[in-house]
Structure formats: C-alpha cells, structure tokens
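Among the features that Swiss-Prot reports, region 'Interaction with the histone H4 N-terminus' is placed at 317-321. Per Swiss-Prot, the feature repeat 'WD 1' maps to 98-138. What Swiss-Prot records for 141-181 is repeat 'WD 2'. Per Swiss-Prot, the feature repeat 'WD 3' maps to 184-224. Per Swiss-Prot, repeat 'WD 4' is recorded for 228-268. What Swiss-Prot lists as repeat 'WD 5' is 275-315. The repeat 'WD 6' annotation in Swiss-Prot covers 332-372. Sequence annotations record features per position, and here Swiss-Prot assigns site 'Important for interaction with HAT1' to L245.
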Amino acid sequence: MSEQPTEPLSIKEEYQLWRKNCRYMYEFVSETALMWPSLTIQWLPNYTTTNGLIDAKLLLGTHTSNQSANQLKVASTQLSADPNVKANSKIKTVQKLENNAEICRARYMPQDANIVATINGLGEVDLYNLDTETRYSHFAPHTKNGYGLSWNPKQKGLLVTGADDNFVCVTDTTTNKTTFKSDIQKDIVNDVKWHQFNGNLFASVSEDSHVYLFDARDNKVVSQYYAESSNGINSLAFSPFAENLVAIGNTSSNINLLDLRKLGENSGLLHTMMGHSEGITCMEFSPHHDGILATGSQDRRIIIWDLFKVGEEQQQEDAEDGCPELFMMHAGHTAGVSDLSWCPFKDWMIGSVADDNIVHLWEISKKLITNEEAEVDVSILE
C-alpha cells in the first residue's frame, strides 16, 4: 500500500514539538505573556551584574486596539552570568509612559540610552527621557501609521522616519525641525535605517519594491534598487561589519543581500536567501559576529543565517533541511513575529515579540555554536 500523506501539524502541535526540543537548541528560553501585544522590542544596553545574575531591561510597547491607553514600557529581567546560577528570566514592567496610539517602534538613542523615540499608529513621534520618566517632545512628521524609525549612530539627535503616507523624513530632535522630506516613494514606506559607518547615508524600503539610498548632505537619492519579485519590501538592515552590505526582507518571504557599491535599478544583487514561507517583518544583523543575520516573519519563525555559509556544498540529506546558510530556526511563536532584537551584551541572545502577546528571550545553545564555528582539521585531508 502507498503511504498516506501526513497531515500538517496544527499550530498547537508545532509549539508542543518545539518545546520538546528546546533543550537541544537553547541555553535557555523565557516566555512571558503580556496583557496587550507589543509590536516592538529592543534591549537597552545598560545592565548590572550581581552574584552571578545580570539585571537587564528592554523596551516594549502596547497595541490595545483603543481598548485602553497605549504605553511605552520598560521591562526588567534577570539573566544568568554564571552557568551555576539559575535566573528567573520572566520579565516585569518597571516603567509605563503614555502614548496617543499603538507604538509601532521604540528605539533608544545610541549616544544616550535614556532617550527613547517612538513612532505610533498616527505617524506621530514622541521622545521620552527614561531617567525623569517624562515625554519631553512630541511632533508629527507623518499623517499615517509608521514603522520606520532609526537614530543616526554617528550624529547625535538625528532621527529618520518612514510611514504609510509614502514619506521619509529626517528630523533634528534638538530643534524638532524637519531637515529632509522625500516623496520619491510611490507607496507605503515600511522601514528606514541609517548606515552603520557613514552618518550621512540612510535607506528606505517600501511597498513599491524599491530600495532608495539617500545622502542627507544633498537631500537626494544616491542610488536605488528595484526588487522586481519582492511583492513589496518590508524591512532592511545594514551590516555593522561590512560597510557595503545591506539586507532587505520581502513580502514574497525571500531575503536579498545587496552590494551598495553596485546598487542600481536592476543591479547590486549578491544573493537571495529562501527559508521563510511568508512575508518578512523584521531583521537585524548580530552586533557581535560578522555575517550573522536574524529575520522574523509572518510565518511565526525567526531564522538565524550565517552568510559565510552561502554557496557551500551540501550532502543531499542536509539540503533537505534548507540552504547551507540557514543556521537555526526559532519556532516557538504561535503568531506572526513583530520585532526582534539582539542582546548587546550577550553574544547569542535574542528578544522577540509576536502577535500572540508573548515575549520570548532566548539564547542559542553553545553546542550549536561550537559546531558552527568548528574548523576542519586539515590533517584529515592529507
């Protein structure tokens, strides 16, 4: 008799299978349920270590669907700094700061982590001082919902934003004056980021399937790329190690790697990575390891990619598990992933949030990393 096709697992069954295998993939995993879903997450860089425990904080937001006041939240958690000391890594809210609408993104200023910017569902930007627990500035560079929000890592106070009104704006937050506004995009702007090395360059991606690279000195487009088969571009990330590398995440579920030096309307594509089954929602390069990229998707998955594995030969059985650059898949969320953040002070730790109201904090198993980083003993090839 021929084998009957197996029924796909339900979301609940997938989750149970993931929980069963957690001990093989992670040093630890923490799950905390929120009252309201958070569309944003970011580790704060400041932490303290006492008696083998790290006291850390994260930025979160709320999306209450107008059933309650929306808030920027600061959450605290404990992580283990000593393998012999067990931490309770459930998070708890320690600060709540009100906002006029759901918070789509919240990001701290690189030069002063006590200053946090948010962009909300109305396209408004708010600036908060965590030390004084105040919202000290409010302006509206956009007229519609916005997800694009990025602080300039080189020039203090410069903030670039992008929103559903098709605009990209640069604001000097010391004066709240808009220094640049672009309407070259023909559709919703989904993400904006400053370049990691050059404080004058930033990029946007949008539903019109274009990447635009801007120069803030001239207020003009330096170059552009059209991702024809993307069905719209949702996210981008500049590499913190390779100044000419940018990654974009598409509605089509694919990730494109681009070379800024060769960027043109139909050129600059280095490689396309396939592993997700639905649109990409967020992405971030590891700040610790060159070539390591994390991507989140509507398919409820986060994939860790190792770009140095691109093009490696595979055995047939390995190829069935995915392309060589697919290092690891985090499959614990039960709804689309909204945002993710690499921990700035623990190499292989990520925080992630999804539409299921759950915050995940997870550290990749040292055994997986050791296998990934193991070098071939050349003596066995002689």
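One-based numbering along the chain as shown.
Backbone N, Cα and C atoms are what each Cβ position is placed from, and that goes for glycine too.
In the predicted model, residues of the region 'Interaction with the histone H4 N-terminus' (317-321) average a pLDDT of 62. Helix, strand and coil content of the repeat 'WD 2' (141-181), in residues and according to DSSP, is 0 helix, 22 strand, 19 coil. Residues 187, 190-191, 193-198, 203-211, 213, 274, 276-285, 287, 290-291, 293, 295, 297, 299, 305, 307 of the same chain lie 6 or more positions beyond the ends of the repeat 'WD 4' (228-268) yet place their CB under 8 Å from a CB of it. Taking Cβ-Cβ distances under 8 Å and a sequence separation of 6 or more, the neighbours of L245 (site 'Important for interaction with HAT1') in its chain are F238, S239, L257, L258, D259, L260, L270. Residues in the repeat 'WD 3' (184-224) partition by DSSP class (helix H, G, I; strand E, B; coil) as 0 helix, 23 strand, 18 coil.
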